[in-house]
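**Student:** Can you read through this structure? Questions will come right after.
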Amino acid sequence: MIDLIVSQGRVADRAAWMIEGAARTARALEERYGLKGHYVGEPAPHADDDWSVALPQARETLVAVREAATESIKGDNLTVLVNNTCSVSLATLPVVAREHPDAVVLYIDGHGDFNTPETTDTGYLGGMVLSGACGLWDSGHGAGLRPEQAVLVGSRDIDEGERELIRKAGVRVIPPGEATAQAVLDAVKDAPVWIHIDWDVLEPGSIPADYTVPDGMLPAQIRAVFEAIPAERLIGVELAELNAPADSERAEQAVAVILDMVAPAFDAAAARP
């Protein structure tokens with residue numbers, strides 16, 4: 001079975017249609033798998049604000065997501081979160097680290113998200129998510145993820161200072177061209193697996209996403225990862241950052257691509273009693 005948690009509160013959104021993107025994805029999953037999502041947070045307008053403003057604004061949503069994720073992760077179902085932004089993972093990754101201390105987090109993202117308040121050039125909260133979960137700075141929402149538990153997959157747009165932090169911390173990186181199913185299996189070994197995906201990991205044009213960069217992964221590579229991870233070892237999945245097109249047909253096409261990528265794992269989870 002699948003527990004579906006959907007973030008609908010603003011969490012550092014800088015683009016207008018991220019919350020709608022999460023809602024569209026969730027509705028499609030509900031229809032495909034007969035689910036009833038747990039919707040968290042109240043939508044608010046996007047803003048180009050600094051992390052120091054966005055983080056306290058998002059507190060209520062992050063706390064609610066953490067509580068919902070904790071309840072699900074302690075159970076037997078596959079935990080699935082559909083998030084408007086990667087910043088929501090500030091609430092979830094510490095829970096994963098606490099409840100599954102031997103888990104490997106596959107952080108599938110075009111960026112490293114390993115900046116800190118001291119290194120960020122943009123002030124964007126979403127660029128500091130993995131570093132916060134690893135305790136390099138205090139988000140107020142917990143930490144506990146050991147850097148060696150994290151594997152950056154498909155990451156290629158990494159700031160110079162951020163790259164040094166990644167190197168010193170010991171976070172593993174699998175570039176897009178090397179992100180095969182076998183490479184991922186070699187990285188996770190026999191550990192439980194948590195998958196975080198920001199759709200900007202894909203080659204631009206595959207899925208409408210914010211902060212896209214060239215030379216990305218292809219949808220077939222993402223699907224291959226879901227096919228390769230044994231169902232009994234997959235403990236949770238986060239899907240983030242669909243910047244939903246205003247045109248309904250294009251939005252539906254994007255969601256269809258997403259559902260095809262995750263189908264191997266979600267079909268297996270839905271079939272479990």
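The backbone N, Cα and C atoms fix where each Cβ goes, glycine too.
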**Student:** From the candidates ASP13, ASP198, ASP210, give the one listed by Swiss-Prot for the same Mn(2+) 1 site as ASP109, ASP113.
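**Tutor:** Among ASP13, ASP198, ASP210, only ASP198 appears alongside ASP109, ASP113 as Mn(2+) 1-binding in Swiss-Prot.
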**Student:** Please report the distance from the Cα of ASP113 (Mn(2+) 1 binding site) to the Cα of ASP198 (Mn(2+) 2 binding site), rounded to the nearest angstrom.
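**Tutor:** Checking the Cα atoms of ASP113 (Mn(2+) 1 binding site) and ASP198 (Mn(2+) 2 binding site) gives a distance of 11 Å.
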**Student:** Fewest other C-beta atoms within 10 angstroms of its own C-beta: which of the binding-site residues ASP109, ASP113, ASP198, ASP200 fits that?
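**Tutor:** Comparing Cβ neighbours within 10 Å for the binding-site residues ASP109, ASP113, ASP198, ASP200, ASP200 has the fewest.
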**Student:** What is the number of other Cβ atoms found within 10 Å of the Cβ of HIS111 (Mn(2+) 2 binding site)?
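**Tutor:** Taking every protein chain into account, the count is 26.
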**Student:** With a radius of 8 angstroms around the mean position of the C-beta atoms of ASP109, ASP113, ASP198, what other residues of the same chain does the Mn(2+) 1 site pick up?
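**Tutor:** Other same-chain residues with Cβ inside the cutoff are CYS86, TYR107, ILE108, GLY110, HIS111, GLY112, GLY126, VAL129, LEU130, SER155, HIS196, ASP200, VAL201, ALA240, GLU241.
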